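Colleague: Below is one structure. I have some questions about it.
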Amino acid sequence: MSPQTETKASVGFKAGVKDYKLTYYTPDYETKDTDILAAFRVTPQPGVPPEEAGAAVAAESSTGTWTTVWTDGLTSLDRYKGRCYGLEPVAGEENQYIAYVAYPLDLFEEGSVTNMFTSIVGNVFGFKALRALRLEDLRIPTAYIKTFQGPPHGIQVERDKLNKYGRPLLGCTIKPKLGLSAKNYGRAVYECLRGGLDFTKDDENVNSQPFMRWRDRFLFCAEAIFKSQAETGEIKGHYLNATAGTCEEMMKRAVFARELGVPIVMHDYLTGGFTANTSLAHYCRDNGLLLHIHRAMHAVIDRQKNHGMHFRVLAKALRLSGGDHVHAGTVVGKLEGEREITLGFVDLLRDDFVEKDRSRGIYFTQDWVSLPGVLPVASGGIHVWHMPALTEIFGDDSVLQFGGGTLGHPWGNAPGAVANRVALEACVQARNEGRDLAREGNEIIREASKWSPELAAACEVWKEIKFEFEAMDTL
């Protein structure tokens with residue numbers, strides 16, 4: 001190295017390791033409308049100051065690395081770096097903090113949830129300075145939202161396609177989830193749809209197994225849909241699961257569904273991946289298919305309360321990537337979901353504008369700038385006695401999905417569907433008449449059961465079934 005080169009290097013670059021907080025902790029920073037904002041729950045290792053931990057998150061999820069590098073001088077770090085601009089302790093928790101991080105929009109590829117998550121929830125989650133890290137919420141700026149198509153159709157377009165208004169939609173997951181032949185599977189679909197349900201559903205792990213190949217299932221389910229439509233005069237659907245081992249195979253299944261003339265297909269968006277999901281959502285919009293989304297694997301990511309990612313973030317990501325329905329818990333069934341927290345991300349799925357509300361776990365005001373909404377699906381351990389609570393909690397713009405609560409009826413599948421439809425119609429009518437579903441729910445169901453033997457039988461079977469456990473979420 002020449003003396004001249006040595007002089008320039010010594011002036012422009014100083015090698016070594018320095019604290020992240022010297023560069024990435026900027027409490028005076030004023031956030032921009034175009035920034036992506038993140039709220040992380042940070043648990044530092046013993047001896048690591050919270051400022052250093054928050055700055056480390058900002059650095060490792062944006063432009064930083066473990067040591068100073070000379071190529072930092074070839075760009076403007078001030079323009080591209082993430083910034084930890086706020087810290088607050090978590091009430092009731094020892095050594096946990098909410099770290100607020102702002103990311104410049106130029107860090108992210110347009111229209112790519114995959115790229116956004118690769119940065120924000122990538123390698124930083126394995127960082128040694130942190131005992132645990134959880135992404136609680138994201139604020140997606142309107143400038144970035146406008147680069148996404150979002151849901152293929154949205155709530156209003158779906159209602160218009162189905163010609164169904166003023167009530168939640170009713171669904172049922174076909175059980176047993178694995179093992180039925182395609183013909184017997186189609187028979188169960190037909191019986192449920194004929195009995196009064198709007199939709200039936202493939203279970204999330206039904207793809208194309210030796211006992212039932214996908215093409216056979218699609219054909220028998222299409223026959224069931226058209227037969228039940230002819231008999232009831234209502235538009236029906238079955239969520240045909242197009243999830244597959246490759247994107248090419250997934251698209252082939254979606255194309256076949258469109259050729260059959262069915263109204264809706266399905267995708268497991270977390271196991272299938274956001275790239276595949278966005279591709280399928282684009283195809284569904286272009287070809288008039290509704291898209292039902294299942295969240296299989298979500299609890300691996302969101303169940304631990306100090307590490308991972310809250311489902312509200314996955315819900316926002318799904319609205320960007322695309323889906324007309326997504327499973328969102330029940331509050332009252334067998335799967336975990338605290339009421340206020342669940343309603344917080346349900347509103348984030350459906351509404352155009354949601355105000356910051358920490359009591360519901362919403363850390364940032366979110367403006368969706370007319371991106372279509374997503375119907376939340378309540379599913380998991382629910383039955384007719386839950387109908388008043390579900391109708392009150394989720395309102396009209398939702399799908400209430402009863403699997404065992406339909407197919408477990410003592411008289412069979414069609415009577416199980418009748419019982420659910422009668423219970424729903426009774427609850428909607430009572431609500432419209434001004435009755436209090438929370439207080440009078442059981443009475444409303446009993447009154448309706450006097451005129452419906454199917455509902456009376458269902459009420460008797462499930463009168464003692466409850467799923468009561470302590471909620472785990474903390475704000």
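Using the three backbone atoms N, Cα and C, a Cβ is placed for every residue, glycine included.
The structure displayed is predicted, hence computed values, not measured ones.
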Colleague: In Swiss-Prot, the residues Asn123, Thr173, Lys177, His327, Ser379 are said to bind substrate. Which of Arg83, Arg213, Arg215, Arg295 is said to bind at that same site?
Modeller: Arg295
Colleague: Quickly, which of Lys14, Lys18, Lys183 does Swiss-Prot have down as N6,N6,N6-trimethyllysine? Just give the residue.
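Modeller: My reading of Swiss-Prot gives Lys14.
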Colleague: Is any of the recorded positions Lys175, Lys201, Asp203 within 10 Å of Arg295 (substrate binding site) (Cα-Cα), and if so, which, in sequence order?
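Modeller: Those close enough: none at all.
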Colleague: Where's the emptiest Cβ shell within 10 Å among the binding-site residues Asp203, Glu204?
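Modeller: Relative to the other binding-site residues in Asp203, Glu204, Asp203 has the fewest Cβ atoms within 10 Å.
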Colleague: Taking 10 A as the limit, how many CB atoms besides its own sit near the CB of Arg295 (substrate binding site)?
Modeller: 23
Colleague: Given the binding-site residues Asn123, His327, Ser379, which one's Cα is the least distant from that of Lys175 (active site, proton acceptor)?
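Modeller: Nearest by Cα distance to Lys175 (active site, proton acceptor): Ser379.
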Colleague: Count, for each of the binding-site residues Asn123, Thr173, Ser379, the other C-beta atoms lying within 10 angstroms of its own C-beta, and report the residue with the smallest count.
Modeller: Asn123
